[in-house]
Each structure stands twice: as structure tokens, then as C-alpha cells.
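Q: A single structure is presented below for examination.
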Amino acid sequence: MATKHVRQSKWDASWVTDGANQQWKGTALIKLEVADEIRRMKSGIGKFPRLAVVLVGDRRDSHTFIHIKLKACDQVGIETVASQLPENCDESELLDVVSGFNEDPDVHGILVQLPLPQHLDEEKIINVVSLEKDVDGFHPLNIGNLAIRGRKPFFVPCAPKGCIELLPRHGVEIKGKRAVIIGRSKIVGLPTSLLLQRHHATVSVLHAYTKNPEHITSEADIVVVDVGVPNIVCGNWIKKGAVVIDMGTNQVKDPSGHGFCVSGDVCFEEAVKVASAITPVPGGVGPVTISMLLSNTLDSAKRAFGMV
């Protein structure tokens, strides 16, 4: 039976799946679980999670992402505090803001919206965020603990965590499967490969210097793509029945000639004909990533309140 495309459903995040027309109930279900825990926390101990958001400059996309994150926090009962600095702020100003949130016992998570202006040292800023409040999961110690078997990071980066969350929730087995990660960024590619290995997949990471990437990809049961190049992965790269997770978000000219639209890294129209399940762009992994931020913030508050 042919794969059917479902862009929207009653769930915030939907997948295109096989003839059974299964819809991936990612975001709404996770948000309901987080909201329920926060309600019980408030009624039980009279406390609630608080997330601090730091934004530098006036990038439209960054403002959009922050708005979405703040709205999601409000929906589940996470209190937020935001600090916005001008584009030309000194690095010391930004460090002072982050340090202040580190020392505030009422703040349980800190999110520094990336990318930062070029004159600021991103790595330095990320390293300053308290390990126990690093809800984005970018601190090198969190990534290091993720890489070492037997160790547990305080937080897993939100996008990879959301990617892995979707699979077992909806019956996609990871153990023993061949997985290909296209892209090796510190935000998505690297941590996703580490998570899949933790779930006992056999993982290959492809990058700009990989030879015959289409051949390697065509042997994978699970394909995760995040390279920032529209439609780089074609349908003939995908093995029939594979699960495809498209993490790419690219602005491209609208075919109608009016403005722009958002496209993924996978050529959807081709891949949907062979994949057993594929995330659409927009509306696929993005909302689930936001839900993982909510989950991480809740976990941080629970640790702070001695509830875990």
C-alpha cells in the first residue's frame, strides 16, 4: 500500500507513514506529560520550573525561535525570564548575564539562543553556563558524558533527544539497525550518533569528505539528515522501508514566485515514495525539539527540588 502524506493532524508533530496512516503523536503527548508533572509539582510542593532565556541582537529567526519557546513554556506552566542584549554588546556583558542566572537558585535552566554575533566566542559562552542548568545540553561535559558508556549526562541536546524520542514511542526498533547520520554538527549530528549508539544501532556518520554517500545511505534502516542544504538527499539514496528523519530547515524561494518557503534537506517528493516513515518540514522534528527543552527544564527543576 502506498505511503500517504499527512502534513497536519490533531498532533503538533506528524509523520508520513505507511498505508496504516499512522500519525506520530510526538509533541502534544510529550507536552501533556510535562504539564501534568508540573501541575503535580505545584500542588505538592508549591514550586515550579523557571527557564532563563538570553538573546543577543535582532536576528529575525532567533526572535521567532525564542517566541515559540516562550509560548511553549507558558502552555505547560514553566515560568520564563528573558534577557535581551544589543547586537554590539561586549562579551563581558553577556558573561555577566549568564553568570547571574547561574547563581540564581530560582532559575533551573539557561538557554543562550544561537547563533551569537561573530565577535562573541560561542564556545566560551556555552562553557560558562552551569552544567546543572545547561538545558540545551551543549556543555562539553554533558556531551562528554553522553559519549562515554556507563555515564549519564545531566542533559541531552534537545534536537537529538527529540529524534530518538520519536522512534521507540512509535514502534521503530533501534537495536541492531543500521543508522546513517548525514552531518556531524555538535548540535545535531554528533550527539544523535552518540544516542543511537547508546541504543545499540550500528552508526555511520557522513560528512563533506565521505565518498559515495548515496551508496552508504541506501543501506541504512534509519537515516537522519542535518546539513543545511535543501533537497541534498534524493529518493535513490533511501532504501525501501527506511525511516527518514529530516532535521534540516532551509529558506528557499517559493515555487509560486512569491516570497520564501521552508524546505528540508531531504527531497520529500522522492523520498516519501520509498520510506516507511518520514518527517515533513516544517512541522516534523522542530516541535518535538521544543518539547525536549520543556522536558529538560522540568528535569532540572526536579533535581533542584530533590524530587529525583
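In case you wondered, yes, glycine gets a Cβ from its N, Cα and C as well.
Pulled the feature table from TrEMBL, pasting it below:
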{"type": "DOMAIN", "residues": "30-136", "note": "domain 'Tetrahydrofolate dehydrogenase/cyclohydrolase catalytic'"}
{"type": "DOMAIN", "residues": "157-304", "note": "domain 'Tetrahydrofolate dehydrogenase/cyclohydrolase NAD(P)-binding'"}
Q: Determine how many residues of the domain 'Tetrahydrofolate dehydrogenase/cyclohydrolase catalytic' (30-136) DSSP places in helix, in strand and in coil.
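A: Per-class counts: 56 helix, 18 strand, 33 coil.
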Q: Do you know the DSSP helix, strand and coil residue counts for the domain 'Tetrahydrofolate dehydrogenase/cyclohydrolase NAD(P)-binding' (157-304)?
A: 54 helix, 30 strand, 64 coil
